[in-house]
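Comments concern the structure below.
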Amino acid sequence: SFGVGIPDLEERALAWSKEPKTERRSQSRDPRTFPAPGITAMTGKSAPAATDLAPAEPKKEPVAALEGEPAPAPAAGEPLVPEHPPAAEQPADKSTPVPATAGTPTPEGGAPAPPAEPQAPAPEPEKPKAEPPSSPLALTVEEVSENSVTLTWKAPEQTGRPGLDGYVVEICKDGSPDWTAVSKEPFLSTRYTIQELSSGEKVHVRVKAVSASGASVPATLEQPVLIREILQLPKIRMPRHLRQTYVRRVGDAVNIMIPFQGKPQPEVAWTKAGQPLDTSRINIRTTGKDTIFFIREAQRRDSGTYELAVRINGAEDKATLDIRVIEPPSPPQNLKLVDVWAFNVALEWTPPVDNGNSEIKGYIVQKSDKKSGKWFTALEHCTRTSCTISDLIIGNSYSFRVFSENACGRSEKAAVASGVAHIKKTKTSYQPEKIPQRDMMEPPVFTQPLTDRTTTRGYSTHLFCSVRGFPQPKIIWMKNQMEIREDPKYIAMIEQGVCSLEIRKPSPFDGGIYTCKAVNPLGEASVDCRLDVKGKV
């Protein structure tokens with residue numbers, strides 16, 4: 001052991017390996033650099049054993065040694081330690097004890113190095129504090145009475161992480177700096193009525209939003225509130241569906257609520273035809289804002305016009321309510337068979353005596369044949385008091401009945417015809433209508449004559465005319481008074497009285513007078529035209 005740590009030796013060996021070989025040889029032969037074991041370099045005295053020496057403090061190698069410069073001379077009293085020992089002269093014993101870290105005793109029992117100062121723990125970052133909610137919005141006065149005031153507002157835009165616990169309402173009398181909470185605990189409703197106030201006093205009002213992180217900046221009314229009753233003229237708010245006749249069926253419940261307004265609380269009165277209502281059948285319940293008209297089971301006699309009056313200190317507002325209670329009508333009257341012919345039946349009747357307090361919408365006619373006995377609807381929504389039933393089967397006997405119908409439905413009973421309609425079998429003979437024959441015989445007559453034409457050599461051309469006659473006349477085409485017979489150069493056709501002659505690729509020789517002649521037993525007729533054929537330019 002040379003009294004230095006192994007890490008220090010490794011650093012020096014690395015620097016020594018980088019120096020020139022000549023310098024390393026001179027250092028290896030210098031007895032001062034590598035003294036014999038147990039003998040100092042200058043006095044020749046034996047050095048104490050390595051085990052009796054205190055562990056040398058780690059020495060940092062100068063920067064110059066790494067750059068190839070000679071190391072500085074050791075201080076007096078320190079053992080000379082080779083800066084760059086050769087690899088062969090380094091101790092081969094791998095069990096050389098490694099100096100302990102600072103603050104722990106060495107294996108040789110030396111004094112421990114002073115312990116390193118403990119580092120102070122890093123301060124923990126402070127958690128951001130939760131922000132309180134923002135102020136409530138749109139604080140307004142909804143209603144003021146002689147001893148209370150009702151407030152409304154909207155929830156704040158920001159409620160914070162913990163969430164909103166509720167709101168606190170505070171008041172302060174005008175001229176006093178003290179605010180008093182009127183709600184014992186926070187509440188979540190955005191509407192609150194402050195009770196037990198004195199009439200005639202002025203109070204300032206504010207509302208706070210409260211959460212676990214604190215209370216918000218209060219929302220305050222700009223002006224104090226004067227506690228007094230605000231006079232309001234009576235006004236009936238008749239619902240739209242009650243502005244027309246209110247229709248119910250017999251036995252149905254009638255439950256109508258009509259709101260109104262007015263301050264102080266108005267007096268409400270219901271009448272029918274100027275008389276008070278029958279409280280045994282009609283129940284009226286009135287609050288400060290509406291009145292309810294209720295009938296448990298409506299009857300026909302409950303129909304009529306009801307008047308509602310709302311009064312405040314001589315001021316009055318009125319409204320009318322028309323109620324109609326309906327039921328199915330009675331059946332028609334005097335149903336009878338008027339006529340039966342072929343497979344048709346004519347019926348007539350009169351309107352019902354009772355229309356069920358509603359206009360008759362129509363009638364339903366049903367038939368029943370004697371063989372099956374079942375009723376079938378033959379006609380629906382008949383608006384007249386007579387009808388004709390057709391498509392009856394010849395040889396059957398039929399019965400008929402009629403129901404009346406209104407907005408409530410059809411009548412419970414039907415009017416039945418007293419007679420039975422027998423559809424008899426009758427023999428019929430077909431006699432065709434005699435149509436006088438007209439004499440259609442006519443000699444040929446040309447309705448459209450031929451016209452003169454000029455054509456070019458080598459280009460086909462057509463001649464047209466039209467003829468009428470009965471029997472159909474025979475058409476004969478002639479050129480220069482010579483009949484054109486089976487010549488492939490000419491194609492003659494007739495269709496629906498239109499005669500045509502096609503001259504294929506004419507030459508100057510084909511020019512001349514062309515004649516169309518029509519002949520039938522009653523006579524003959526003819527027309528002609530001139531055709532000129534010019535040579536090509």
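Just so you know, glycine gets a Cβ as well, placed from its N, Cα and C.
The following features are taken from TrEMBL:
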type: REGION; residues: 1-136; note: region 'Disordered'
type: COMPBIAS; residues: 9-32; note: compositional bias 'Basic and acidic residues'
type: COMPBIAS; residues: 63-80; note: compositional bias 'Low complexity'
type: COMPBIAS; residues: 99-111; note: compositional bias 'Low complexity'
type: COMPBIAS; residues: 112-123; note: compositional bias 'Pro residues'
type: DOMAIN; residues: 135-230; note: domain 'Fibronectin type-III'
type: DOMAIN; residues: 234-322; note: domain 'Ig-like'
type: DOMAIN; residues: 331-426; note: domain 'Fibronectin type-III'
type: DOMAIN; residues: 443-528; note: domain 'Ig-like'
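Residue counts for the domain 'Fibronectin type-III' (135-230) under DSSP, helix first, then strand, then coil, are 0 helix, 47 strand, 49 coil. Mean pLDDT for the domain 'Fibronectin type-III' (331-426) in the predicted structure: 92. The helix, strand and coil residue counts that DSSP assigns across the domain 'Ig-like' (234-322) are 6 helix, 53 strand, 30 coil. DSSP places the residues of the domain 'Fibronectin type-III' (331-426) in helix, strand and coil in these numbers: 0 helix, 52 strand, 44 coil. Note on the domain 'Ig-like' (443-528): DSSP counts are 3 helix, 55 strand, 28 coil.
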